[in-house]
Amino acid sequence: MNILFNPPGLDTMNISIPSILFGLGGKCLLNWALVFLQRIHIWRSFVGVFSLSLAVADTALTLAVTTIYVHADGHFLYMGLQLTTYHVCLLVQILGHIYRVLHWSVVALAGLDHAFLVSQRLDLTAVQTTWIVYLFVAGLLWYLAVLYVFVLSDLSPVLDDVPHYQMHRCWMPHTSQIQDVLMVLVFFILGYIVWHGGRQTLRLSSSLNLKDQVINQSGIHSRIHFVLQVLHIFLNTWALFLVFLAVLILLPVGIPAYLGLNVAWLSFLNSLLIGVTLCVLHPAFELAQGLAAVPPDSFCEWKFKFSLATDDTT
């Protein structure tokens, strides 16, 4: 890991240290408020367990850098090392890079977790023991991310070439993962719509008799109705947050990497991934018959209306 002086790249922004501490403090409060709100479901999904670990990591970082900054003018020693404002910038930069590495891994694992939960009906004993697996995977993910940043990546922290007592601002990497994740999910959804539409068109065109065409058309209408319900439930909860994200992305202001990964964003991703999983797997019959379960979500109320045979099930 090389420490550079003065040559910040295009993906960095210069932020005052008090603003960094204020942002970290606000992020910690938001994280713990959302963790408390989701306390009933926190152990029942990978996103919930990872959100708890993220809240702990953010709190530890905030306490550490605040303590260093408050005592930066004095002689604050830790294991024989004098800590200054250099170390405030260094710690926040390093954790920002770790968060950037974690983003895609969390999305992939959460998607797999949701697909597994939707496709299988877990019994009570499995649910009670699954949180141990989630905890292990979350810990392993943190370990691998830290290992990658320090050993395999080309991390080069950027610091101003001034004495530590004159350092009042830090260069911070910004994150583009939020835009990237949203764009990939949008393209995935569009690709799925095109693929499914083409598949159903071929199926209808290959049907030899009227009865097969009626059955296929009924299946298509059933899937469309289910997808529209998923979209309606999701937008009812997250429409304002989507507007906020759109404004944030359009504004010429980057998001610091140390703020990019937070429990609010993970909660949004959790609902979004649940919606995508439901649309792809389309477990309407299984949900209606109690043969499948929707992954836990503290924000969206995933209740559906089904028309199966002669009765409606909610």
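Note: Cβ is positioned from N, Cα and C throughout, glycine not excepted.
TrEMBL labels come from automatic prediction, so no person has curated them.
Features of the protein shown, as given by TrEMBL:
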TRANSMEM  15-37  transmembrane segment
TRANSMEM  49-72  transmembrane segment
TRANSMEM  101-119  transmembrane segment
TRANSMEM  131-151  transmembrane segment
TRANSMEM  171-195  transmembrane segment
TRANSMEM  226-251  transmembrane segment
TRANSMEM  263-281  transmembrane segment
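When Cβ distances are compared across the two stretches, the transmembrane segment (131-151) makes contact with the transmembrane segment (49-72), since 3 or more pairs at least 6 residues apart fall below 8 angstroms. With a cut-off of 8 Å on Cβ pairs spaced 6 or more residues apart, the transmembrane segment (101-119) and the transmembrane segment (263-281) reach 3 or more such pairs and are scored as touching. Sequence-distant contacts of the transmembrane segment (15-37), counting only residues of its own chain at least 6 positions beyond either end whose CB sits under 8 Å from a CB of the stretch, comprise 51-52, 54-55, 58-59, 61-62, 65-66, 69, 85, 88-89, 92, 167-170, 172, 256, 258-259, 262-264, 267, 298.
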